[in-house]
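Q: My questions will all concern the structure given below.
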Amino acid sequence: MKINRPLSPHLTIYKPQLTSTFSIFHRISGAFLAIMVFFSILFLKIGDLNLTSYYLYRYAFSFTFYFHWLISSVVNFSLLALCYHMSNGIRHLLWDLGFFLELSKVYTSGIIMLFCAAFLAVSNIIRFYFS
């Protein structure tokens, strides 16, 4: 017996909402930051294994020399994810305290949070490159 209707609602049925989109990106940015912390600790431990190896230093120098654009892109993207995750986390803490729970204030605080995250990321990138 074949039923020609979906068994449960799918993402194609619902119109994306601002709050659900921010929640999904908050989770994605948190997972990305956790992965970046794991890999940075892993690379620090690998670099700790043999500090007298000439080939390790040669490989590290050549990687940073030829792929500096990749490293700076990952750093900038991590900074953007950190600023977004921190700004949205502060917004969630304000919700836990009972502030901005009306629907109009939820949307307004979401837009303010985006501008704050963008301002923090851009100002830190400018500070990073000009210091």
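First residue shown is number 1, and so on along the chain.
Just so it is clear, glycine is given a Cβ too, placed from its N, Cα and C backbone atoms.
Residues annotated as heme binding site in TrEMBL: HIS85. Per TrEMBL, the feature transmembrane segment maps to 24-44, 65-87, 107-130.
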Q: Within 10 angstroms of the C-beta of HIS85 (heme binding site), what count of other C-beta atoms is obtained when all protein chains are considered?
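A: Other Cβ atoms found within 10 Å: 20.
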Q: Under 8 Å between C-beta atoms and at least six residues away from its ends: which parts of the chain pack against the transmembrane segment (65-87)?
A: 25-26, 29-30, 32-33, 36, 113-114, 116-118, 120-121, 124-125, 128
Q: By Cβ distance under 8 Å, which residues at least 6 away from the ends of the transmembrane segment (24-44) in the same chain are close to it?
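A: Same-chain contacts beyond the flanks: 74, 78, 81-82, 84-85, 88-89, 92.
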Q: Let me spell it out: take the transmembrane segment (107-130), skip the flanking residues so only those 6+ beyond its ends count, and list any with a Cβ under 8 Å from a Cβ in it.
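A: Answer is 18-19, 22, 75-76, 79-80, 83-84, 86-88, 90-91, 94, 100.
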